[in-house]
Amino acid sequence: QRIKSMFYHAYNSYLDNAFPYDELRPLTCDGQDTWGFSLTLIDALDTLLVLGNHTEFQRVASLLQDTVDFDIDVNASVFETNIRVGGLLSAHLLAGRAGMELEPGWPCSGPLLRMAEDAARKLLPFQTATGMPYGTVNLLNGVSPSETSVTCTAGVGTFILEFATLSQLTGDETFEKAARRALTALWKTRSDIGLVGNHIDVQSQKWVAQDAGIGAGVDSYFEYLVKGAILLQDEELLGMFLYDRAIQNYTRFDDWYLWVQMHKGTVSMPVFQSLEAFWPGLQSLLGNLDSAVRTFQNYYSVWRQYGGLPEFYSIPQGSTVDKREGYPLRPELIESAMYLFRATGDHTYLQLGLDALESIERIARTPCGYATLYCCSRQAQDRQDLRDILLSMSQPAGGTGSQSKPPTKRTEGPPASQSESIALKAGEKKTPPLSCPMQPFSARLSILGQVFTDNS
C-alpha cells in the first residue's frame, strides 16, 4: 500500500500540474515538454495495470489514442522515443488483463499497436551506409541534413526487443531486420581485443569515443543482447554478448567495472556510474551468480554511503566525482536486487527494496512528486524519475511454474518471459512467441482508425 501511495503521489501530481506536457517539474509544480507526446502517461500505463487500476488504465489508453500525434515538427531522440514504443507495445499486450475490449485478431491488431507502429516508422533513420541509425530524427521531416552522424553505442544497439516484437505483431519484417542489421554492423566494429567504444560515426563506422565499459552510452546495448536472446531464443544474439569475456578480462577489477581504452585495455576512467547498476541483474540471468553478488555488494556499498547512487563515483577516492553527484532516482540497482532475489531467494535483497523506499520517501519527496537530488548536499533538482521496479520485489521468489512468473521488468522494452538463465541448446528449434501475418495494405494505412475497408 505504501508503494501505491508513493506512485499515486507522483502520478496524480503529474495529472494535476503537468499533463499534457511530457514530464512534471516537482519543485515548481508545473510541466515541461521534451518532445511533446505525453511521455509520462505512456510510461505509467503498465504500472497502472501492475497496481490493478484497470479503470485508469483504460482511461489513459483511450486518452493517448485521442491526444497523441507523432506527426510533429520536433527533433526527437531515437533511443528515448523507442522506449515509448516499448511502453505502447506492453500496454497493447497487457490490455486484455485490464478488461479492455479487444479487436478481432488481437494481438495482431489494436489501436495501441497501431500507435506503436506509427511511432516506430518515424524511428527508421537506418538508411545509412552501415545500417546503424542516426541518434536524432525529426518526427515530421526525418533526419535533418545537418544532423550529426555520431551516436552512442546504446543508440545503435537498443532496438531489438521493441522492433522484433513489432515485426511479430504486424507481420512486417522491416523493423526486426533494421534492428538486426544495426546490431551486426556494430558487432563487426569491435576491437581486436573484443571491446566496443562509446560513440561511433554511423556513416564511416569509425569510433569517435574509444572508452569501453558497461555504463552510460553503452549499457543497454549489452542488456538488449541478453534479453533479446531470452525473448527470441536466439543463439546469434547470445553469441554476440558472450564476448563479455573481454569485459571481464579488461575492465573488471575487484568486481568493479572500469572504463578502458577499447584497443589497448588500459584504464581510462576508474569510476562507477549509476547506470552500470543493471549489470548484476544481467549476470544473474546468465547464471553468473557469484560474480553478480560480489559486484552488487560493491554497488550497494555506494548506495549505503549516500542513500542513493551518484551519477559518477570515483573508485580509488571512494567519493563522488565533482559536478556528477546527482541522484536522479534511477531504478537499475533495485532491478538488480529483484533479479538476485528471484535467483537466490535471499531476503537481504528485499530489505534493500525497503531501504530504497524509505530513502526516496525521506529525501526526495516534494509536495508535487519526487525530485532528483545532489547526493552529497541533498539539494533537489526540478525533475522526477520514479518507476515501478519496487512493485516487482513484492512477488515471491523462485518458482518455476509459468503461472508464478510475472513479466521481466526492464528500463526499456516490452515484456519478456521471466528466466533465470539462458539455455539455448545447439540445433534447438527456435519458435517466436508471436507470429502475426502481414497486415493488408489498407489496414496499415489505418493508423488513426479504420479509415479503409479491405474487400479483397
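Numbering starts at 1 and runs along the chain as it is shown here.
Glycine residues also receive a Cβ, built from the backbone N, Cα and C atoms like all the rest.
Residues annotated as active site, proton donor in TrEMBL: E80, E311. According to TrEMBL, the active site annotation covers D219, E332. Annotation comment: TrEMBL describes 393-406 as compositional bias 'Polar residues'. The region 'Disordered' feature in TrEMBL is assigned to 393-437.
What TrEMBL annotates, mapped onto the structure for a quick look.
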residue	record	contacts (Cβ under 8 Å, 6+ apart)
E80	active site, proton donor	T34, W35
D219	active site	A154, L275, E276, F278
E311	active site, proton donor	Q273, S274, V321, R324, E325, G326, Y327, P328
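The DSSP secondary structure for E311 (active site, proton donor) is coil.
Cβ neighbour count for E332 (active site): 24 (other Cβ atoms within 10 Å of its Cβ, all protein chains included).
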